[in-house]
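This report refers to the structure that appears directly beneath it.
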C-alpha cells in the first residue's frame with residue numbers, strides 16, 4: 001500500500017509541474033502526413049515530402065501528324081509505293097518524316113521478292129520523299145509496256161507504274177540490249193529494276209525468245225548479273241512466275257549500264273536521293289489523329305516531359321528513353337518525418353531531431369517559439385531558398401544526361417538471317433538492360449544528393465542559431481534551445497533573422513543559468529521516474545504477497561504439499 005501511495009504522489013507531483021517560463025525556440029522542417037518513398041544509393045525506401053515520377057506510362061491512342069509529317073501507306077508498304085503498284089497512287093510525290101506502314105498492307109500486282117528487302121526499305125524510308133524523275137530509255141527491237149492480269153488498275157490489266165516490262169518484238173526478236181545512263185546531276189540516283197522468272201521454258205521463249213535469258217547491270221564500282229530461274233511455283237494472283245527486284249545507286253559522275261538478252265524489268269527513271277534527310281518508317285495499326293506530339297511509338301504517340309518511358313521499345317522522334325522500370329521517382333523535397341500526434345505528457349514543442357512540422361507551409365525550414373507572449377511559427381525563407389536553388393533544375397539536368405534524340409526501330413530480317421536477328425535482339429535487350437540500370441542508378445544518386453542537401457541546410461540553420469545564442473541558451477538535444485533571459489517576440493524575431501545581439505542579454509542569461517533552483521525534471525526524466533516508480537511498486541506488492549504466504553504457512557493457516 002505504501003508503494004502504491006508513493007506512485008500516485010509522484011504522478012501528481014510531475015503532473016503539477018508547469019512550463020518553467022524560460023523562453024524556448026525550436027528549429028524544424030516541413031513534413032506531410034503521407035510522404036513518397038524513393039530509392040537512394042544506401043536505402044531502397046526513404047520517405048520524402050515530395051517526389052516527381054520520371055517514367056511515362058501513358059500514351060495517346062493515336063499518332064499525331066504534327067509537328068512530324070506522317071504519311072499513311074494504307075494498303076501499301078513503302079516498297080510497293082516505290083514500285084508504283086496499283087492502289088499506291090496516293091503516294092506519288094509523298095514527303096514524310098515518318099512513313100506509316102500498316103500490318104494490313106498487301107501486294108496488289110505481279111508477285112515479287114526483293115533479295116535485299118530490308119536495305120531498300122531503309123533507303124526509301126530515310127529518303128523521306130518519293131521524288132521520281134522520269135527518263136527516256138532507247139530499247140531497240142523489243143516490245144515495251146508489258147501488262148499482267150495479276151496487276152489490275154481500274155479493272156484493266158496493268159503493271160508497276162515505275163517499271164517497264166520488255167518482251168520480244170512482234171517479229172519474234174529480242175536482240176542484245178546495251179544501254180548506258182550517265183549521272184550528270186549533283187545528287188545520287190536510285191534505280192530499281194527487276195528480273196522475270198518464268199514458270200516454264202515455253203513461257204520463257206514465248207516472252208523473250210532467248211533461253212536462257214540474262215540481265216547484267218553495272219556501274220563503275222559494282223556489277224550484278226542474274227540468270228532467270230525457270231520453274232513452277234505456287235500460284236499467286238493466278239501467276240506461277242515471279243519477279244526479283246534489285247536496286248542500284250549511281251553517284252554523281254558515275255554511270256549505269258543495262259545489258260540483257262531477255263527477262264529485264266527496266267526502270268522508267270530514277271528516284272532522287274536526299275543525303276540530308278533523316279526520315280524513318282513505323283509499322284503500326286494505330287490511326288493518325290489530330291494531336292500534336294514529337295514522339296511516336298507503335299502503340300501511339302507520347303506527350304510528356306519525363307525523361308523515361310516504359311510504353312514501347314520501338315519509338316521515333318524526340319522520345320524519352322525506354323526503360324524496364326514502371327516507376328522511378330526523383331526526390332524534389334526533403335526527408336519526411338511526420339509530426340507526432342502528441343509530444344510527451346504536456347505537448348511541449350520539439351525540434352527537427354524528433355520530427356517534422358506539418359503546419360510549416362510557407363517554407364521548408366522554420367522556427368517555433370514559446371515565451372511569455374505565447375507561441376508562434378515562422379518559416380525561414382533564406383535556408384528554404386538555398387535548398388530549392390540546389391534542387392531546382394535537377395530534372396532538367398537529368399534530361400540532359402539522357403538527351404539522345406534517337407529512334408529505335410525493330411529490325412526485320414529474312415528467314416535465312418535468323419542468327420543475325422537473334423544477335424540483334426540480344427544487342428537491343430542488352431542496351432535496354434544497361435539503360436534501365438543506368439537510369440535507376442542516376443535517379444538514386446540524385447535522390448541521395450537531394451536528401452543530403454536538405455539535411456545540410458537544416459544543420460546550417462541550427463548552427464547559425466547556436467552561434468548567435470552561445471551561452472545565453474542551452475541546446476536541449478531535440479532541435480530546441482532554452483533561453484536563459486527574457487525574450488519577447490521582438491527578441492525571437494531577431495534570432496530568426498540573424499540580428500540577435502548576444503552581448504545585450506549576456507549578464508541576465510548568466511545570472512539565470514547559475515541561479516540555484518530546485519530540481520527541474522525534463523520530460524525524459526519524468527517518464528523514467530514514472531517507470532521506476534511503477535517497477536518498485538510492483539516489486540513491493542510481490543514481496544508483500546510472498547511475506548503473507550510465508551507467515552500463513554508458519555501459523556498453519558496454509559498448508560503447502562509438494563508431490564514428486
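Glycine is treated like the rest: Cβ placed from N, Cα and C.
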Legend entry - Which listed span Swiss-Prot calls transmembrane segment, if the choices are 507-527, 528-548: 528-548
Legend entry - Most crowded position, judged by CB atoms within 10 A, among 310, 497 as glycosylation sites: 310
Inset, instruction - State the mean pLDDT for the topological domain 'Cytoplasmic' (549-564). - result: 65
Legend entry - Which of 151, 295, 487, 491, all disulfide-bonded residues, has a Cβ with the fewest other Cβ atoms inside 10 Å: 491
Legend entry - Cβ contacts of residue 76 (disulfide bond) (under 8 Å, same chain, 6 or more positions away): 85, 87, 88, 91, 105, 108
Legend entry - For residue 291 (disulfide bond), the number of other Cβ atoms found within 10 Å of its own Cβ: 15
Inset, instruction - List only the single closest residue to residue 319 (disulfide bond), chosen from the disulfide-bonded residues 64, 109, 491 by CA-CA distance. - result: 64
Legend entry - Entry from the glycosylation sites list 34, 178 having the most other CB atoms no farther than 10 A: 178
